[in-house]
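Read the structure below first, then the notes.
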Amino acid sequence: MKVSVLITLAVLGVMFLFTSAEERGSDQMDSPAWLKSMEIIFQSEERECRWLFGGCEKDSDCCEHLGCRRAKPSWCGWDFTVGK
C-alpha cells in the first residue's frame, strides 16, 4: 500500500512539472535542466577526505582512522586504530 502511494505521488509530481512547463509557453521542456539540478543534489559533496565506504586510490584519500582497501572496487575502510 505504501509503495503504491509513493508511486502515485511521483507520477503526479512528474505530471505537474510537465504541465507547468507547458503553461509557461516554453517550446522546450525544462527536463534536462531539471535533471541536471537533481544530479547535483544526489552527488556526494567534495570533501578533503573520503568517508567510510567512499572510493579511494590511496590511504591519504581516506579520512582519519580509515585506510584504502584495494579490493575491487577500492573503498575506505577502518584501519583498526582509535583515538581523537
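A Cβ is built for glycine as well, from the same backbone N, Cα and C atoms used for every other residue.
Per Swiss-Prot, the feature signal peptide maps to 1-21; the stated evidence is sequence analysis.
The feature disulfide bond is assigned by Swiss-Prot to Cys49-Cys63 (among others), with similarity to another entry given as support.
Summarising the annotation, Swiss-Prot assigns disulfide bond to Cys56-Cys68 (among others) and lists similarity to another entry as the type of evidence. A 10 Å cutoff on Cβ-Cβ distances gives Cys68 (disulfide bond) a total of 19 other Cβ atoms nearby, all chains included.
In the three-state DSSP reading, Cys62 (disulfide bond) counts as strand. Its Cβ taken as reference, Cys62 (disulfide bond) is surrounded by 25 other Cβ atoms within 10 Å in the chains shown. For Cys62-Cys76 (among others), the entry in Swiss-Prot reads disulfide bond, with the evidence type similarity to another entry.
Counting every protein chain shown, 6 other Cβ atoms lie within 10 Å of the Cβ of Val82 (valine amide). The annotation valine amide is assigned in Swiss-Prot to Val82.
Other C-beta atoms found within 10 angstroms of the C-beta of Cys76 (disulfide bond) number 22, with every protein chain shown included. Most Cβ neighbours within 10 Å, among the disulfide-bonded residues Cys49, Cys56, Cys63: Cys56 holds that distinction in the structure as shown.
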